[in-house]
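Okay, handing you the structure first.
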């Protein structure tokens with residue numbers, strides 16, 4: 001039996017636990033809902049002891065949780081390998097390495113030629129130098145040794161294998177040269193920036209980040225043009241440094257060189273730019289060596305500038321290639337219509353289709369693009385884009401999911417313009433439609449008689465797919481009041497896919513009979529309702545008898561209605 005002392009201790013422990021639970025609930029209400037006034041806030045102050053409040057991370061305020069950010073960073077564990085395409089930390093570090101490389105590429109020639117490195121600011125330059133060196137070293141020791149690679153078509157993620165693969169690669173050799181401690185030569189010849197020129201060898205990270213960034217942009221050609229322009233400006237920067245250094249070697253006495261007026265770098269950069277782009281309008285050389293240097297500079301500038309202009313032209317041309325192809329197709333179609341005297345109204349609709357399709361999709365036929373991909377990749381794209389729409393169609397809800405995957409590849413997009421009829425009553429239907437964008441209306445004999453409006457995700461025309469023994473007549477007019485994008489599934493494509501799914505054939509047959517029966521009942525009820533309307537006008541039962549005689553109704557409800565009408569007729 002439990003002693004009274006043990007029972008008291010248990011009760012006390014329970015009360016303590018219960019009090020903590022209540023306090024936590026009140027604190028959660030205060031933090032998460034924030035609907036208490038100032039007076040109630042004071043009453044809701046937590047009574048948790050210090051140890052519990054320290055350990056209970058769930059109910060801490062947002063400010064307290066932010067204090068744990070350093071704890072999370074400090075206890076962050078690196079994975080055994082990194083995916084160079086999707087690992088955000090790796091991509092960010094390649095960006096930092098790129099910044100460090102650009103710093104070295106710009107500042108090493110600048111400091112080596114212009115008097116911008118002095119004894120008073122030397123500590124700042126050294127700090128920046130060693131920060132960039134640390135970026136290089138961390139990239140090698142923490143990221144490159146864990147970088148995944150392909151081995152016989154498979155991604156290798158084992159840390160030991162990635163490390164050995166990196167050390168055996170040419171990239172490792174270039175990285176080792178880039179981080180070689182050439183700064184030790186400072187002890188012998190002083191702080192000369194050109195000693196660090198080996199830091200410019202680490203270009204792999206630069207090109208890797210550039211490729212990733214270019215692939216992530218929607219209009220990559222703008223980035224390519226900007227990058228090529230940056231290369232040109234960097235060449236001008238090197239030329240400006242060389243021009244100042246030559247002027248310095250000649251003691252700034254030559255009329256052709258820099259004359260110590262104005263801001264040195266701006267003046268030299270202007271001279272280098274005018275020379276590189278072959279504009280001229282610079283001081284004429286005097287000495288023979290100056291003529292040689294000027295001619296060499298003009299020739300190099302002409303060669304480099306032509307390469308840059310060619311790359312810019314190629315980038316712009318590649319970006320406008322799709323637009324040019326679209327214009328060619330549009331013009332060819334317009335010429336064809338004009339040559340064959342197509343009515344103006346049809347020509348306007350064709351122009352409208354071209355412009356709307358291009359403005360919304362930037363491609364006239366998405367199937368041409370998808371056909372270039374492997375079947376599996378095509379299926380994955382179709383699943384992510386269209387699966388939600390197809391799975392909502394009533395006739396396919398109980399079917400095998402793999403059947404839906406196969407049907408996705410058979411869907412064909414089509415655009416209807418404002419004022420188009422998708423289908424008309426009485427037409428033979430051999431396809432069904434699924435609305436993906438826009439809306440359609442079920443109308444009567446005129447467009448103003450609107451019976452229903454169908455929105456994206458709605459399917460219609462299923463009876464045409466499931467009708468046995470040929471096509472089925474359309475029972476309504478479907479009108480597009482605006483721009484409407486539909487997916488079409490043809491009966492032939494459905495039959496081709498269903499052949500491989502016997503169970504689905506049975507499901508679709510049952511649904512076909514059910515839907516056809518329901519459709520026939522609707523038709524008969526419509527006929528009866530129109531007959532009753534005529535009876536009201538003619539005040540007799542002869543027209544209803546004629547309707548039942550023609551319809552030969554097999555429906556139980558209609559048979560019962562027929563018997564009732566016969567009884568009423570005999571009573572008369």
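Backbone N, Cα and C define each Cβ position, glycine as well.
All annotation found in TrEMBL is predicted automatically rather than curated by experts.
Quick caveat, the model's predicted, so the values are computed rather than measured.
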In TrEMBL, which of 89-112, 161-184, 185-208, 329-352 is labelled transmembrane segment?
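So the range that TrEMBL calls transmembrane segment is 89-112.
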For the transmembrane segment entry in TrEMBL, name the matching range from 211-230, 231-250, 371-390.
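Matching range for transmembrane segment: 231-250.
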Check each of the ranges 46-63, 64-81, 262-279 against TrEMBL and return the one annotated as transmembrane segment.
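Checking TrEMBL against the ranges 46-63, 64-81, 262-279, the transmembrane segment one is 262-279.
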Quick one: sort out which of 11-30, 291-310 is the transmembrane segment according to TrEMBL.
291-310
Select the range from 89-112, 124-143, 262-279, 291-310 that forms the most Cβ-Cβ pairs under 8 Å with the transmembrane segment (231-250).
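When the Cβ pairs under 8 Å are tallied, 262-279 comes out ahead.
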Cβ under 8 Å, sequence separation of at least 6 from the ends of the transmembrane segment (262-279): give me the contacting residues as numbers and ranges.
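For the transmembrane segment (262-279), the sequence-distant neighbours (Cβ-Cβ under 8 Å, at least 6 residues beyond its ends) are 110, 114-115, 232, 235-237, 239-244, 247, 294, 297-298, 300-302, 304-305.
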Which bits of the chain, at least 6 residues beyond where the transmembrane segment (89-112) starts or stops, bring a Cβ under 8 A of a Cβ in it?
82-83, 125, 128, 131-132, 135-136, 138-139, 143, 147, 192-194, 196-197, 199-200, 202-203, 205-206, 208-210, 212, 234, 237-238, 241, 245, 265
